[in-house]
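For reference, TrEMBL has these:
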type	residues	note
DOMAIN	16-141	domain 'PID'
Amino acid sequence: ELPETWADMQEPLLEGMCFTLKYLGMTLVEKPKGEDMAAAAIRRIVATARVGARKFQKVILTVSPRGISLQDADTKEMVENISIYRISYCTTDKLQNKVFAYVAQSQESGALECHAFLSPKKKIAQAVTLTVAQAFQMALDLWEATHAGR
């Protein structure tokens, strides 16, 4: 349950805000950002996910100014850690409004990957998107503060 003023709170974000979501999958994309690119990528991921009919991995997605970390909700095992500087785009899909997705550059291959997650509610998907946007802003503010004295 998010408090009304959660968008103004910076303290919890520094530590990391956690969301429990279901990982739908990943697809490669051509462009680092854009609504149309993301919508098409999400459609591909959702279509593939529907065909698979397997249980989705439940993950704890933690957003902080350092980036996004993914942890398996059941085993607590770290799945992935994505630096904020590798994330180029995040969105809540307009049609699949419970789906949150982000685009990041793969550390291994350098390819652009779109990862999609299903949230229990539309509001949660929007909250994740806004939290990532806030984390970007905080990372930028921290970076500027660090480099201002040079």
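Glycine too: its Cβ is placed from the backbone N, Cα and C atoms.
Unlike curated records, TrEMBL annotations are generated automatically.
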- Item | DSSP residue counts for the domain 'PID' (16-141), split into helix, strand and coil | 41 helix, 52 strand, 33 coil
- Note on the structure: Model confidence over the domain 'PID' (16-141), as mean pLDDT, sits at 93
